[in-house]
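Chemist: So that we are looking at the same thing, I have put the structure below in structure tokens.
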Amino acid sequence: MFWHNIKLTLRNLYKNLTNSTINILGLSVGMATVILIMLYVQNELSYDLFNSKHERIHRMYSTYNGNSGPRCMRLTSENFSSKIPEVEEVTQVYGFDQPINYGKNRFTEFTHLYVDSNFYKVFDLEFLYGHPQKALSKLNGLVLTDECSKIIFGEINSIGKQVTINESTYTVEGIIKKLPVTSHYEFDILTTMESNPWLKDLASLEFITYVLFNKNINTELAINKSLAVYNQIIQNWFNKYGYESYGNLEPLTDIHLHSEIGNYLGDQGDIVSILVLSTLALLVLTIALINFINIMTVQYEAKMGEIGLRKAIGANRIELIKQFLGSSFLYSFVSLILGIILSEIFLNKFNNLIHRNITPEYFHNPSLLFGLIGIFVFTGFLSGVYPALYLTKFDAAEIIKGDLTKRKGSLSFTKILVIVQFTISISLISNLLIIRQQTNYLESADLGFQPNNVMGIISLSQPIRRSFPAIKEELSNIPEIQFISASDHFPGGGASGQGFYLLGQEQSSSMDCAEYRVQADYFETLGIEFKEGHSFKEGNKSDRYGIIINEAAANMINTKHVLGSKINYADTIYTIQGIVKNFHFRSLRSKITPLLFSNRCFGLYTILIKHNTKNYKELEIKIENALRKFDPSYNLNAINVEKRNRSRYHQERRTMKIAMYTSILSIIIALVGLYSLSLFMIQKRTKEIGIRKITGASITQISKLFLGLFSKWILIAFVIAIPISWICMNQWLNGFARKIDIGVLPFLISGSATLLIALLTVFYHTWKSANQNPIESLRYE
């Protein structure tokens, strides 16, 4: 019986080759989409699981004045872990990328972490050469990843070789295998904190901190004890500023997707994106399944005579159901194989789209294997159960007499499925258009400053930093350069969290703000407009104790005469000498918050240059030649500030691309299904079309009959799709401080485009059938 059913299925497939091919390809595309998204979701959920102690590791973070961040106070064995028996180890990390010199070569692309000697005790590091205990304890010792060592030295084993960082010599003491991509922290170089004594003097929130608890303990109790000790440390520091402060802990495996404070040491995942992608994949599969069910149903309806005959000669309902389900499972199996092949073909493009490097490894990945089996069973059963139950419920006499034409069960269910199908398609297209509008708005919105034609030079060497006044004079000789300034921060990047209070008030009234430490001509370079007061000027000594604030900070101060007010900031008295208009110094996802600018640069990490040339490469060469007069080994590392600003919204751009591809897939699958469905429905009414034509009906009148039917279905889908799409997109837009208003245009475009393409598809079949000789339509009746 089993092989007999397979033979029947293959025979039916061959007889209806075109529609069967459409069915299988549609289902294969849906399955391929689900497979790719499944791989992505599995990859995202596996972050940090490679660490053997991942269940016992927590990251500590700090909250002060209602603001939370991943950095903590300096912790030592004496002030923390020795007081808590449940803590096995605590390790702290400080991220600071710096140029590395080896011979005449200079490298600026590597990620550099300063760590303590406990780092290897908390995290799994696979040492290829060297010993962890020695490598992470020696003064001026370096640990490199194998890939980093290969790039710098041309070989993996570089133990004992020396490089220069900030005019200090470091020796390679260890080589480790590069961490898996599923690590929330990334690095190429590890250096011991002992090699930089100034790190010990950092008293504020500066360090990323991880706590490793002992085995077989009450974790909740251990967390409470740890926080009690840390809260005492942090409160001793922040209470003097009048800030409410405390710490908290989060599991290591929550950092990538579920952390509320973000990830400082690598890319942050997005659980919302995972949910969105998973939903999109299921929607595409749903549309493909609807196609399958509809086409299979109408195919079998066309063969009801055969089913009636089989029932008349003794076939029972169970046998027929088995045959239908067997056919759908066979279709599902073939579709799954093709889906796997399609997913392999498009995997590289998908990896480029999501910026990951995912490999399936089907037979070494049990969860993926079981997932594929689940897809096969789910689609096989769901696609076959309705046709099997519906078409086998009729008596043989009813089928043979042809009394089924009066029944509307199948037509009603088909209509519902078509409406669901086009509701999904219209919603996806509408969402795509709204996401596109918001993304374009983010990239073109007025930021309050002018990032165009501004170059940011980073990875500055010590000679460059020390010589900035002379460098500024040298660069001013280049005719294409208009303004030159410098800052401790890159525009739009992180800012220092600070607090200040008005002179004469209590320290407890301290107000929270962000700080940019800048040099003269900073505001002119970035085109930031002043509302009141004046900028920092070159050589003006009074600017050393001057402060410039934005409008948000002025509103927070809320005094009658903000300009000229004196504030206590960093234990020094400063005068507010200027107020600039609000501008977006963070992403447009965030509201503009209080910001102050000081003229006290500690590190001078970025040189900013405003220019008026389109020949960017030629300008880079001129600037590099000028800087090499102060550091002959310096290699320019320049960033286009405008492009960097646009890159903030890569997540939105990526979401838009995924939505675009998904929308295109959904509408293609839906239209291909509609093509087959309309063909079957028109073929069933061939006799009616012939009679109408004989009685004088025109081709236009016959076409209207069918176009009106399908138009009604799509219009119902349009009405249902509008509120669904609006609710989803309104929720998504709430994540932005600045956003577009959802208008009617996206819905009108999606509805009109879907209706037009669908009607053209149906019209093709109708016109073709109506143009047949009516004698041909009636000769077999």
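Including glycine, each Cβ sits where the backbone N, Cα and C put it.
Pulled the feature table from TrEMBL, pasting it below:
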TRANSMEM  20-41  transmembrane segment
DOMAIN    20-191  domain 'MacB-like periplasmic core'
TRANSMEM  271-293  transmembrane segment
DOMAIN    279-394  domain 'ABC3 transporter permease C-terminal'
TRANSMEM  329-347  transmembrane segment
TRANSMEM  368-391  transmembrane segment
TRANSMEM  411-434  transmembrane segment
TRANSMEM  658-682  transmembrane segment
DOMAIN    663-774  domain 'ABC3 transporter permease C-terminal'
TRANSMEM  713-733  transmembrane segment
TRANSMEM  745-767  transmembrane segment
Chemist: In terms of Cβ proximity under 8 Å, which residues at least six beyond the ends of the transmembrane segment (368-391) contact it?
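Modeler: Sequence-distant neighbours of the transmembrane segment (368-391): 27, 30-31, 34-35, 38-39, 42, 285, 289, 292-293, 296-297, 300-301, 304, 307, 320-321, 324-325, 327-329, 331-333, 335-336, 339-340, 360-362, 409-410, 413.
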Chemist: With a Cβ cut-off under 8 Å, give me the same-chain residues at least six positions beyond the ends of the transmembrane segment (713-733) that come close to it.
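Modeler: Answer is 415, 418-427, 430-431, 434-435, 438, 739-740, 742, 746-747, 750-751, 754-755, 758.
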Chemist: Kindly say whether the transmembrane segment (271-293) and the transmembrane segment (411-434) touch, using the definition of 3 or more Cβ pairs under 8 Å where each pair is 6 or more positions apart.
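Modeler: Yes, since the transmembrane segment (271-293) and the transmembrane segment (411-434) share at least 3 Cβ pairs closer than 8 Å, they count as touching.
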Chemist: Using a Cβ cut-off under 8 Å, which residues of the same chain at least 6 positions beyond either end of the transmembrane segment (745-767) come close to it?
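Modeler: 422, 425-427, 429-430, 433-434, 437, 667, 671, 674-675, 678-679, 682, 699, 702-703, 705-707, 710-711, 714-715, 717-718, 721-722, 725-726.
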Chemist: Kindly say whether the transmembrane segment (20-41) and the transmembrane segment (411-434) touch, using the definition of 3 or more Cβ pairs under 8 Å where each pair is 6 or more positions apart.
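Modeler: Between the transmembrane segment (411-434) and the transmembrane segment (20-41), which are separate recorded stretches, there is no contact, as judged by 3 or more close Cβ pairs.
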Chemist: Give the nonlocal contacts of the transmembrane segment (411-434) in its own chain as ranges (CB under 8 Å, at least six residues past its ends).
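Modeler: Residues packing against the transmembrane segment (411-434) from afar: 280, 283, 286-287, 290-291, 293-294, 297-298, 386, 390, 656, 659-660, 662-663, 666-667, 670, 673-674, 677, 710, 713-714, 716-718, 720-722, 724-725, 728-729, 733, 740, 742, 745-747, 749-751, 753-754, 758.
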Chemist: Let me spell it out: take the transmembrane segment (329-347), skip the flanking residues so only those 6+ beyond its ends count, and list any with a Cβ under 8 Å from a Cβ in it.
Modeler: 6, 9, 20, 23-25, 27-32, 34-36, 39, 292, 358, 360, 362, 372, 375-376, 379-381, 383-384
Chemist: Summarise the domain 'ABC3 transporter permease C-terminal' (279-394) as counts of helix, strand and coil residues per DSSP.
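Modeler: Split into helix, strand and coil, the domain 'ABC3 transporter permease C-terminal' (279-394) gives 98 helix, 0 strand, 18 coil.
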Chemist: What are the DSSP helix/strand/coil residue counts across the domain 'ABC3 transporter permease C-terminal' (663-774)?
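Modeler: Residue counts for the domain 'ABC3 transporter permease C-terminal' (663-774) by secondary structure: 93 helix, 0 strand, 19 coil.
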Chemist: Roughly where does the domain 'ABC3 transporter permease C-terminal' (279-394) sit in mean pLDDT, to the nearest integer?
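Modeler: Averaged over the domain 'ABC3 transporter permease C-terminal' (279-394), the predicted model reaches a pLDDT of 79.
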